[in-house]
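A.B. asks: According to TrEMBL, the protein carries these features:
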DOMAIN    937-1089  domain 'WDR19 first beta-propeller'
REPEAT    739-772  repeat 'TPR'
REPEAT    773-806  repeat 'TPR'
REPEAT    885-926  repeat 'WD'
REPEAT    927-968  repeat 'WD'
REPEAT    968-1000  repeat 'WD'
REPEAT    1014-1055  repeat 'WD'
REPEAT    1056-1097  repeat 'WD'
REPEAT    1099-1140  repeat 'WD'
REPEAT    1142-1177  repeat 'WD'
TRANSMEM  842-863  transmembrane segment
Amino acid sequence: MPDESVLPEDLDLNEIFIGRERQLNDFRAYLEKWLRSVSISSPAPLTMPPSPNNNRIQGLFILLHGRGGFGKSTLLQHYRQIALEYRQELQVSETVDWEVAVQDRRTLFNITDRETIDINQYFNLIYKRLASALGKQRKEFSDYLTAEKAVDKARKQAYEVLDHLQRDDERFDWLKGLGIARDILLALLTTPLTPDSISIMVSNDAVRDKIRESFDAGASVGIEQLQRLRVYLQEKLGGDLSDYLDAPLQLGLALGKDLARFAERHPLLIFFDTYEEIDEGDKLLQICMGAAGSRVGWAISGRDNLWAGVTQRARSQDAEPGYRELVFPAHSMSVDFSADGVGDFTLSDISDYFKMLCQKTTLPVPQEDALKNVLEVTRGVPLAVKIAATLYLERSDLALITEGIDHRREIVDQMVQRYLVHTRSNPSDRLRLYGLALFRRVEEPAVMTVALAVPQEQAASELSRLHRRYGFIFTANRQPAMHSEVRHFLRFWLLQNRTSPEIMTIIQRLRDSLAERFKNRERQYRHRSLRKRLEDREWRKWYLDLIELEFWTDPARGVRLLLPFMCAASIYQREANREARMLGNFFEEVIPDPERTHWKWADRCFEFLTNRKPLRDEFSSLSFLVKLADREGIFFSQPVPSYREELEAALWWRLAEAYSTSDLREAVSWYEKARERLPDDTELNKAYEDAVQGRESLESSPHAVSDYLQLARECVLNNEPQRAIDYCNDALALDEKCVQAYIERGSAYLSLSEVKSAITSFEHALSLDHKSIATLRKRGEAYVLLKDLPHAIADFEKASRLDPDNEIIRAKLQDLRQKLRVEEERRKIPAWRSNRRNISRLLLIGSAVVMLLFIIGTVLLALPPKFSQPIQVTPSGQLKLLSSSQAHQDIVQGVVWSPDGKYIATASYDGTVHILDAGNGQLLASYSDHMGHIWRVSWSPDSKYVASGGDDAMLRVWNVTNGQLAFKGAQGNPIRGIAWSQNNRYLASSDRAGQIKIWDTTHIERIGETMKIDTHHPEGLYELAWSHNSSYLAVGNDTGSVEVWDVFARDIVFTYKKHTTSVYYVVWSPDDRYIASASSDNTLQVWEARTGINRFSPRTDFRDSVYGVDWSPDGSLIAATSKDGSLHVYDARDGHLVAHDTGRRNAAMTGVSWSPDSKQIVTGNFDHAVRVWQCIR
């Protein structure tokens, strides 16, 4: 790890800066060009406000504008760091953060489009903040302070004159009844006087009415009166009136002169951030910029587009030129963060960001899947990525930050708080923004009117006001809209908080309003057919708009209303389901069951435009929807007609498509059902004809795997199982990994009552797809025929976990368990108790047998001995069961004795890891953070930590001393093997995708992935084991081989290929010379690690797969467990059987582990038990 690493809590994330090389280089170039320019000449500053013609701002001008959260402030900070490199020739201000600087003056800028900023307060604020940023005393702004005094003096004099006229001059009696503020009246005198200009200047309705009442004699009379008043004031006040009436110009020029004076020796560069807070007064600042001259530069960051001129947001009724027209191109630069691709983080950027973060802190670098989640949640918004990084520093696990609505909450909350910071003074605006975010689309004027809660004629002006007030409302296609990123976070926030009274009130208002509009449209709708509705783009839009609000109100009802749309679209307008799926996916995490399950079915089976060549989940989901439609019905609700039968026919049509590439007989059958209800549909009839033709050609000339499988299925249905087996073999000749061929062949064998052959075929299928519910059920039924209830129950339990809602599987499982209980009770009753009348007969026969044996024995003893032979002790007598623990609720797959001999760690399909007292079997701790089956556990050599892994693809490390989760890391695929190296430095994990990951455990608090090895076994790996010198890994896989890897050379040093099927477990001998391997080929094999030469012949004492093997620490014995329920102990030197237990518990044994003293053995079992045995030598 790098020496400069810091603790997570000490890291400043602003130090991490990704990308923006072009913008940084451009800034440096413009800066240097400006500095060269001002060193040669300095034109005279402006004395009038800047304009697009000959009155342009002369200094350097840099503008960063656009979407919030995309790094404008960070980029501005880096610009300032570059500027500081030139401090010998350049003065650099501190950055004025206006969000902080106007905390107590926010109302100054919260004005409407009819109001103007208080000029005196504005310039007073600007000069004070500039003084602080430049390190100047306020008195050094001498020109500005002089102008401020002059303006204040002129205002007081004007007030005195007006007061005198109102009291004493009869010529201006009309002023007495006017009753408006003196400042407003004086402001009116500075504008061209027309009735319209009066309405614009005065925003207060009461004041405006009073002025108009005063002008009842006619507009011309009112205007003449104001003009006479203006002339009179000019005569009385002279230049002082100009000082007051021209205050913006006077104050702006004076402040600019002060800045120009400060820049006389060295140019001055001023930095403003969050400028959107004060940009309502931007026209006033432009006066100051012009007056400051060429030696004063400005670097400004804000959300609003002040650059683009006519395309920027409107802030008044008059057109305003943008900075593009007010500055010189050679000395100006603009970066638009609202443009596509500017500011957004890509997945590569996020990866680089977290790599830099982890290099500085030694945290583990997150896996790509975790980083994809970050991208999905943050949408690449740099601020959101920074928030995610901050949370990662605290929790060291991105899954706790990005997965699930609750974990995303902190990112979403902080982003929404940032976006809505400007609504604090206007709660009604916040509610309108909620309304805009709640809708899928707002381009429809009627929808926009509902969202804004205003009459339709006011909607445009209200949206324009929001456009002026908030930088994330922008213009697109001549319509104001909300930036997608803001909408993204705001919608997630609303989803999290939708049940709050404030938000639910808005949702219900919008829903009711839109429902009424939709109902009115339905009354006037001319198309009655379902196809015509789905082909009508406007109808689809309005229906989905309404459904979205139903989801906001009641997600369960939303699903019930969306399902009929998706079923109809699946045949009439197939592309429309992409939009429907996006809608449902957004709400998925808040949909309750059973509607959530129904939604998942629809989402899976309508993912593609057709159901041809369906994936397994896609096919099963479609089948479930067909059953749902039959059982409960899928139909539209009023005011739309029900279309119940037509929607069911649509599902039959899609199911026929699904069968068309795998079973043409079934496809034709479902097409025929659909045609009964849709006889005139041209597309359906054509599909039916194609299926009939395909079936006829298939029977005459099969050539593909799917052809042979279809023929095999038909043979089974026609009671021709042997022909079905032949067709399946033909299919397997073309594709030996065809799961369906093994399943169909197994079914055919069952028809012939060849049960063991059927099970073998099902085993092949499950080795290729261990989650096939159909195969598990079929194999379970086969075990029932063999009267092997424990194995049958195990298969149905797996099937039930994969499909927990399947009532047929649950009922079958319950029945099998009941049968097993009855059978076990029957075994406990001795046979003689069932018929007491036979007792006397049995006693007589017994007496006769004893007498006969006595006579034979006497005769034999009298004979002379011919040879001497020692009596053999049966091996089963040398294993003694010491204890049995039943704390788990499912199969116990992994068991490991701690190196110090005090504890036993166990892993179970019930999702828990248990720590047991090795002495008495007492449960000491239970860890339940895993989701799904746990396959393996492994102790650290110091017995302080336990690692575990399973189907949730997460490696976890537990601190046994305090019971806390010390680490969680993503494997990426279901874990099947875990091993801790003897030097305590590394943890290895293997998975079902054929990958090995090596984790550095030198510092438990900072475990990190150091290496990933792709073994190129996509069919998967099983257990792995470190050599005792911590240099090599032995790994079993699904191809029947064991590979020995030189870990740090990433190279295979030897491959053992003598097994014929999957190798489940491997273990090294204590001296690292030999490896023992356990396989599903029912053998245990022990071989030399470097050559593969067998130490002794493979042991074939097992009737089923060998699941576990362990070498005793003293090197003398090897213990192995089997699916047949047995435990065998062998002499490690020659392989002879030392002891065994035949498995009388009717449950397969799984993992096995020796105690450190090599005297006891612990085993895992299918019957959920953990058993400890004593091996008597």
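Glycine is treated like the rest: Cβ placed from N, Cα and C.
TrEMBL annotations: computationally assigned, not manually curated.
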A.B. asks: Work out, from DSSP, the number of helix, strand and coil residues along the repeat 'WD' (927-968).
C.D. replies: 0 helix, 23 strand, 19 coil
A.B. asks: Can you work out which residues elsewhere in the same chain, 6+ from the ends of the repeat 'WD' (968-1000), have a Cβ less than 8 Å from its Cβ atoms?
C.D. replies: 364, 366-367, 369-370, 396-397, 399, 929, 935-942, 947-957, 1007-1026, 1028-1030, 1033, 1035-1037, 1045, 1047
A.B. asks: With pairs fewer than 6 apart in sequence excluded, do the repeat 'TPR' (739-772) and the repeat 'WD' (1142-1177) have three or more C-beta pairs that lie under 8 Å?
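C.D. replies: Touching, no - the repeat 'WD' (1142-1177) and the repeat 'TPR' (739-772) miss the threshold of 3 or more Cβ pairs under 8 Å.
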A.B. asks: I need to check the long-range neighbours of the repeat 'WD' (1056-1097): which residues 6 or more away from its ends have a CB within less than 8 Å of a CB in the stretch?
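C.D. replies: Same-chain residues near the repeat 'WD' (1056-1097) but 6 or more away: 763, 767, 1022-1029, 1032, 1034-1044, 1103-1111, 1113-1115, 1118, 1120, 1122, 1128, 1130, 1132-1135, 1151.
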A.B. asks: Suppose you look only at the repeat 'TPR' (773-806); what would the mean pLDDT be?
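C.D. replies: Result for the repeat 'TPR' (773-806): average pLDDT 89.
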A.B. asks: Summarise the repeat 'WD' (1142-1177) as counts of helix, strand and coil residues per DSSP.
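C.D. replies: Helix, strand, coil within the repeat 'WD' (1142-1177): 0 helix, 18 strand, 18 coil.
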A.B. asks: As a quick check of your reading of DSSP, tell me how many residues in the repeat 'WD' (1099-1140) are helical, how many are strand and how many are coil.
C.D. replies: 0 helix, 22 strand, 20 coil
